[in-house]
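Chemist: Residues or ranges marked as compositional bias 'Basic and acidic residues' by TrEMBL: 1-12. Per TrEMBL, compositional bias 'Acidic residues' is recorded for 329-343. Annotation comment: TrEMBL describes 82-576 as domain 'Major facilitator superfamily (MFS) profile'. TrEMBL lists 1-71, 324-357 with the feature region 'Disordered'. Under the heading transmembrane segment, TrEMBL lists 156-174, 180-202, 214-237, 267-289, 365-385, 420-442, 454-472, 553-572.
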Amino acid sequence: MGSSQSREHAGHAETQSQTQSYRDRDDDTVTDDTDSRSFQYVAPIPEPTMNDDDDDIDDPVRSNGNEAEKQATWMSLPKKSQLAILTFARLSEPLTQTSLQAYMFYQLKSFDPSLPDSTISAQAGMLQACFTAAQFVSSVFWGRLADADAVGRKKVLLIGLLGTSISCLGFGFSRSFVTAAVFRTLGGMLNSNIGVMRTMIAEMIEEKKFQARAFLLLPMCFNIGVIIGPVFGGMLADPAGSYPGLFGPGSVLGGKDGVWWMQQWPYALPNVLSGIFIFCSMVAVFLGLDETHVIARYRDDWGRNLGRRLARSVSRNRIPRYYRPLTDQPEDNSLYDDGDENESAPTPTPPIRPQYKRPTFRQTWTRNVLLTLLSNFLVAFHTSAFNSMTFTFLPTPRAPEGSWHGIFFGGGLGLPSPRVGLATAIIGVIGLPLQIFVYPGMQAKMGTLSSFRTFLPFSAIAYALAPFLVLIPRHPALVWPAFTFVAALQVISRTFALPAGIILVNNCVTNPAVLGTIHGVAQSVSSGARTLGPFVGGWGLGLGLQYNFIGGVWWFLALEAMAGWLLLWTIYEGRGIGR
């Protein structure tokens, strides 16, 4: 009996020694997100194998599928509730963007009906550029602010959502191009959500086998927004004109004179509803999202505490509590004691920040980091240009008969606003199943960089074919299949390119002290590309309409996409932050 106790005591001491050694080596902390307090605990020590050290040194990044990748599924993703809140918040931006783009051409036309279509096309590109140019200027600042101990990720995210809601409402009630541009610029200046969300996902999801699915959630939101947004915006734009029996003069809801504000601001309704959606996402982030910053997460978060109290008050009425969270001193607190938690639990002491040595400029901005950022720039340039040009290309009237001379032809597809919404929704309908069912398996088998290289050229093919859509006879049985084929090529390419770019940037970072900064710079680079892309696309489309050479700008995008594909052969996937 005594011998057994001695062996048990020795084993316990050995475990404590291993735990302390692991703490010293990893110098990291993890918080429990199931209670109103934050606890510091040590992650479990992985069981050593004969080849662990060799694998870490010789093959830190698996390029091809392996057993770890095969074990990762959507259901096995950790921190699902936190990822769900981030996904909900992320959805607000593409929903708003694609909603307004469905009717932007007609809203700009309402500001000054005398303007030609080429000018409207250029203005649409400039409005998109206002938002992304402001993001380009401010993203690095927000990234550094998110890295600050006193601020953290969550506060910056809330500021971004607030800015998006203000911009959305202001744009809907604009009466001139200048006013619309001001609100778009304000929204971009206050919005750095993408970079912050990428940083938070990187801190939530530590294992590489889950990265493909976790980082895919953000591009998935874009396709969901592309499905819902255009239909939503196209149906609700100008409600008094589209549904006169409901909102117009003498209508059921409008009375004798109609709903006055819908007639005064015909494009405000979709923006008001988008603002409500963004507000709901702000509430979800405020009440339900945990801070992930290594120091800020230990500070009191009264919004999160309020959310936990609300959740407990609801669950207490339905489910009896038979357990409580363990504390650092289990001998002082009974496992089955259901008394006041705040009285029995000691106040956690904020930890000393891990002393990460901040890397030098050359250590941070390596050749691989810079080339990876340049690759992201080129991808963001042509994808954003395609998105912006599509929303202008589709409603632009068809060219007159007899204007086609070889490669010189012009015009658009001449679709009305509801059909524009349907056409852009097709893009999302194609992309969402690919992201959920096809991408994770293909990425696991081929690897991040290999799949990126394989599918990026599909975009170039789509851009090369896009202008020939205007030459197809004006018959739905011919136009819609052709458009769907071209859109499918671009969506397949984007499905693999966008999450791969995020993963490659994330794995370029090896020091947590600059994680938020690098993602902020990456968003700034992407915003710069998304500024130039729509601007160049809108300008080129306007010139193409003016000089009967609509294919010029599309073929330029095809060449740019191929240049980005060549660049992919000069980069590699980094190790990432060791946990």
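Placed from the backbone N, Cα and C atoms, the Cβ positions cover glycine too.
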Chemist: The transmembrane segment (553-572) vs the transmembrane segment (365-385): three or more C-beta pairs under 8 Å (separation of 6 or more)?
Modeler: yes
Chemist: Report, as numbers and ranges, which residues of the same chain sit near the transmembrane segment (454-472): CB under 8 Å and 6 or more residues beyond its ends.
Modeler: 379, 382-383, 386, 393, 398-399, 404, 409-413, 446, 478-479, 482-483, 485-487, 489-490, 492-497, 550-551, 554-555, 557-559, 561-562, 564-565, 568
Chemist: Where else in the chain does the transmembrane segment (267-289) make close Cβ contacts, counting only residues six or more beyond its ends and a cut-off under 8 Å?
Modeler: 81-82, 85-86, 88-89, 91-92, 95-96, 99-100, 103, 106-107, 110, 154, 157-158, 161-162, 164-165, 168-169, 171-173, 232-233, 236-239, 261, 303-304, 306-307, 310
Chemist: Would you mind giving the whole-number mean pLDDT across the domain 'Major facilitator superfamily (MFS) profile' (82-576)?
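Modeler: 84, rounded to a whole number.
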